[in-house]
Amino acid sequence: MAEENHTMKNEFILTGFTDHPELKTLLFVVFFAIYLITVVGNISLVALIFTHRRLHTPMYIFLGNLALVDSCCACAITPKMLENFFSENKRISLYECAVQFYFLCTVETADCFLLAAMAYDRYVAICNPLQYHIMMSKKLCIQMTTGAFIAGNLHSMIHVGLVFRLVFCGSNHINHFYCDILPLYRLSCVDPYINELVLFIFSGSVQVFTIGSVLISYLYILLTIFKMKSKEGRAKAFSTCASHFLSVSLFYGSLFFMYVRPNLLEEGDKDIPAAILFTIVVPLLNPFIYSLRNREVISVLRKILMKK
């Protein structure tokens, strides 16, 4: 009996979205289609950038890594979610929870820094085009990309490590479609104040620094666009920036709501819509927002299709 109770403390049940059979089938089809489009779209973009020397520039190196991160995000969350739609055993161990959150936190943190790097790259290209190759060298690009993944790993290690200081002795039902860290805090029998404080400080710092970099870069870009004499060039540049900024706003807005709001352990029912945005919707939209509006990518795709 003691062993069974101990097991219960370290296993959780993901309640997911709904228990209605009709809705389960519909949601499964929708999320499976989104998953396929997300993975195929992002991996295709990575392959396209990797195999064509014409795209081996800082802008596309960042874009390729962003696509890789988005596909990893989908793979970390969606398979288990799809399995749970029809599985009677929706259990997940504490260690599986830790692994799932580790990968999610790593890729989302890397995503933040990559978006900041991409915004800086566009700032240099539009505001200082003559100095682009000096200010945005391949060496700096590689350093920024590597730094994004190192920061992601360190950030996730801190939070995952602190999870193991908690004790779970009450309910083991997680009202979520994946094992996020906030529901674990709510189930803890030990006061998670330290975990909550560390999450607020580190997540807040990452997001404030990266969104600040993005906003400053886009502010300078907009000022430069408004100074353009060509109305056509101004409209094209503004249209591209607007679509990029929409993706950034959805991503950062949902992350801020999830992890940087006051009283993190309250309002658990509102976590799921925000989580859907940054784990499912944004990875789906990014390859289309960043590539289908890009002349270089479209040009390479046309050449490939013409050869076939």
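Placed from the backbone N, Cα and C atoms, the Cβ positions cover glycine too.
So that you can see what the record holds, here are the features copied from Swiss-Prot:
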type     : residues : note
TOPO_DOM : 1-25     : topological domain 'Extracellular'
CARBOHYD : N5       : N-linked glycosylation site
TRANSMEM : 26-46    : transmembrane segment
TOPO_DOM : 47-54    : topological domain 'Cytoplasmic'
TRANSMEM : 55-75    : transmembrane segment
TOPO_DOM : 76-99    : topological domain 'Extracellular'
DISULFID : C97-C189 : disulfide bond
TRANSMEM : 100-120  : transmembrane segment
TOPO_DOM : 121-139  : topological domain 'Cytoplasmic'
TRANSMEM : 140-160  : transmembrane segment
TOPO_DOM : 161-196  : topological domain 'Extracellular'
TRANSMEM : 197-217  : transmembrane segment
TOPO_DOM : 218-237  : topological domain 'Cytoplasmic'
TRANSMEM : 238-258  : transmembrane segment
TOPO_DOM : 259-271  : topological domain 'Extracellular'
TRANSMEM : 272-292  : transmembrane segment
TOPO_DOM : 293-308  : topological domain 'Cytoplasmic'
Maximum Cβ pairs under 8 Å to the transmembrane segment (238-258) - stretch from the list 26-46, 55-75, 272-292: 272-292
Close in space, distant in sequence - C189 (disulfide bond), Cβ under 8 Å, 6 or more apart: L166, V167, F168, C169, G170
Average model confidence [pLDDT] within the topological domain 'Extracellular' (161-196): 89
Contact call for the transmembrane segment (26-46) and the transmembrane segment (100-120): at least 3 Cβ pairs under 8 Å, seq gap 6+: no
When counting Cβ pairs under 8 Å to the transmembrane segment (197-217), the leader among 55-75, 140-160, 272-292: 140-160
Residue numbers, six or more beyond the limits of the transmembrane segment (272-292), whose CB comes under 8 Å of its CB atoms: 17, 31, 34, 37-38, 41-42, 44-45, 63, 66-67, 70-71, 73-74, 77-78, 104, 108, 175-178, 180, 243-244, 246-247, 250-251, 253-255, 257-258, 298
C97 (disulfide bond): tally of other CB atoms within 10 A of its CB: 23
C189 (disulfide bond): secondary structure state under DSSP, collapsed to three categories: coil
Same-chain residue ranges lying at least 6 outside the topological domain 'Extracellular' (76-99) that approach it to Cβ under 8 Å: 10-16, 24-25, 27-28, 31-32, 34-35, 38, 107, 160, 163-164, 168, 174, 177-179, 184, 279-280
